[in-house]
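Noted in TrEMBL for the protein shown:
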BINDING   Gly142, Gln143, Thr144, Gly145, Ser146, Gly147, Lys148, Thr149  ATP binding site
DOMAIN    49-390  domain 'Kinesin motor'
REGION    418-444  region 'Disordered'
Amino acid sequence: MEAYAEAQNASAEIVRQATEEKTRVSELYTQEMLARRKLHNRLMELQGNIRVFCRVRPSQPVELKSEQSALAVFFRDNDRESLDLFVGSEAGDKANQIGQKHAFEFDHVFQPDSTQEQVFEQTRALVVSALDGFNVCIFAYGQTGSGKTHTMEGPENDRGVNFRALRELFSIRDDRMAGGNFACSMKLSILEVYNETIMDLLEGGGRGTGQAASPAKGLDVRVGKTGVYVDNLIEVEVFNEGDVLDLMRLGHSHRSVGSHDFNEHSSRSHLVLSILIETGLKAEGRRRVSKLHLIDLAGSERVSKTAASGQRLKEAQNINRSLSALGDVIAALGASSKHVPYRNSKLTFLLQDSLSGNSKVLMFVNVSPVQWNAWETLCSLNFASRCRSVALGQAKAATTTPSSAPTANGMHATMSMSAMVPSSNGGGRVTGSPVPRQASRGGP
């Protein structure tokens, strides 16, 4: 019996040691994998690659109640940088008919239970660099109804990247200005690209409900000494979070939205919220001028699936055309083509500076988790993967002196907050449409 017990103990010890060794090897493998990813990400940053975050929205109640509730997106344990997509032979296949597997890896993958704060936390460092003189562009791409506007704007009680980014900028600005030697000013503009026409949403030129209306004259995109800019676009100097909220509400009220079979409140335009930031040390004669672009792209969609017709059909065709032009630009950049077709659409013309190597660029690809949208999800993830492989070149902080400040390439309307919207705290701001003071300045 003693020999049997000793043998059992010896066997147990061998199993314990083997288990410990397996755990140790697994931990070493994980550490090595993380180290390799960190090195890879650093290399991508040095090369100026477009960073890509994937956010998978929760299943919607209507999907859970239908036959299309089978999941298509699956996550790997303890891995926040990859996902697997299973696509059936036809959109809408049930779980037991799921076929081909597609594996994707991004800079970060947000699962359906991710919060707005968690999403922004991964974005924070990029936003802060805008205050350090770097141009930054953050945009959301994906199928209509995939959660782009929720990610970028969010509801009043759970704000998205736009407001959180600007709040962070104000917080850091205040900390730096507390020393007495740091100067900073910020000007905000909001525009939309609707049916290949650029509308100033702070001027009230947007179509609001998206209903058919008489054609409005859009603004022109131009190229000046300091880059691409929109002629006569209203810019409003903002000083705090309240100013930003007031202007975001004003811009949102003018944005073109509509409904179709797939999304009751689908955005029918590309929304571009931009902040022009000027910073400098009072003891020096130099200043830095940078731009932060926050972009909510209209949703890509299959016309047959949304049952669009009439005005909705025209809008969908223009949306898909501009997104296709964006794809052409990405393809040309990926192939290091001498000619990049930025001017094939107003959207890509606007993004020319951001995609030509002088900006830090982050793309959110928003996707649905269910089989009903698996083909659209596959298209979005494939496009995001192509974007992630594009090396734009390392962004550099721009520095100017007062004597070499941008000269006038066009006229830009500058308004004070008091002329734009009522104060959010009842402080006596008045609404109206005063004649703006014209300020000669270079492209934004």
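Using the three backbone atoms N, Cα and C, a Cβ is placed for every residue, glycine included.
All TrEMBL annotations are machine predictions without curation.
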Problem set entry | Cβ atoms near Ser146 (ATP binding site) (within 10 Å, other residues, all chains) | 27
Exercise. Considering the binding-site residues Gly142, Gly145, Gly147, which residue's Cβ sits among the greatest number of other Cβ atoms within 10 Å?
Worked result: Gly142
Exercise. Counting all other Cβ atoms within 10 Å across every protein chain shown, which of the binding-site residues Gln143, Thr144, Thr149 scores highest?
Worked result: Thr149
Exercise. What average pLDDT does the predicted model assign to the domain 'Kinesin motor' (49-390)?
Worked result: 85
